[in-house]
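What follows is a single structure, written as structure tokens, with notes after it.
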Amino acid sequence: MSNFTPDACNVDSGLDSVLPPSLYALVFTLGLPANLLALWAAWLQVRKGRELGVYLLNLSLSDLLLICALPPWTDYYLRRDVWGYGPGACRLFGFVFYTNLYVGAAFLSCVSADRYLAVAHPLRFPGARPIRSAAAVSALIWMLELAANAPPLLGEAIHRDRYNHTFCYESYPLSGRGAALANVGRVLAGFLLPWGVMMLCYAGLLRALRGSASCEQRERRRVRRLALGLPCVALLCYGPYHALLLLRSLVFLVGGGSVDAGGGCALEERLFPAYHASLALATLNCLADPALYCLACPGARGEVAKVVGGVVAWAMGKERRAWGERGGNGRGCGEGEEVGMVELRGNGREFVV
């Protein structure tokens, strides 16, 4: 079933067929292999009994779920906000997409908190960081996020208007006061709370590093980059979308919570292109997370390098065989030139904090 909105705002979908599909295609193409590799590397950390690997594994899993939901949303934007897969698919892909935006933010804050406890209080909270505790925290996050994002599944998934839009999981103006209040809650609990935790952990890590004489300068820089990178990535990726979502919701509530088109539509129509662009920008977090993983687990970089080196070696070996079958010299290069096969390895040391 769908809901027809007779007094809908006349939003312009002209830019929707350009920026969001381009970003989604980029995230899908690069993010899928990167997060599969990060998922495998995080699993290796879990097998070694490292609690940080649990959070990174769940972060990669969340990113992969979001990435897998992108193809139908790409088609939605290419059609200029016309959902063509029915209300059931809209609920499914909308739920997966929006839930994993907030699951990702929650696990970024877990990584920050874990690094803070490891550096600032390694002996004071020994029971807070075993792998079973990390698994319990992860399960709690999934349950809370799934429950918090479930209510929209019970309402109307699709909203049609007289401007030939078939919106999925969104409407312009907002569908009611309850939706506006829920949006404010998402901004506060789903974005600002995790981001605040990251900032507090960053400040605490800086204090702990200044007071530590045993930590090498190189490791100080790495921990500092990780501690700053987490809140910066969250702010740059999630911040614009949540700022516009909060603005839309507050204006709607201040205006009396009416769904009638009127003064509120002027704001909705102005914000619409930036709002959809900011939502697409939020998915770039799926590309940043694997890079942050390498900062969080320097020992795993060698494992990742081995896989990449193996793939490169396999590809180059395949090219050599193909060249030989075509009558070449079997080297895969020109005459008198050989390929130097480089085996990529880690630096042989790990710094576990």
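Backbone N, Cα and C define each Cβ position, glycine as well.
Relative to the membrane, Val46 and Met316 are recorded by Swiss-Prot on the same side. Per Swiss-Prot, the stretch carrying the note region 'Extracellular loop 2 (ECL2)' among 45-60, 157-172, 253-268 is 157-172. Mapped onto DSSP helix, strand and coil, the topological domain 'Extracellular' (157-172) counts 0 helix, 7 strand, 9 coil. Each residue contributes its Cα atom, and for His276 (site 'Proton sensing') and Cys168 (disulfide bond) these two points are 13 Å apart.
For the topological domain 'Cytoplasmic' (46-49), the residues of the chain that approach it from at least six positions outside its boundaries are 57, 131, judged by C-beta separation under 8 angstroms.
Neighbours of Cys168 (disulfide bond) among the recorded positions Cys9, Glu145, His159, Cys265, defined as a Cα within 10 Å of its Cα, are His159.
Cα spacing between Cys265 (disulfide bond) and His165 (site 'Proton sensing'): 16 Å, rounded to the nearest whole number.
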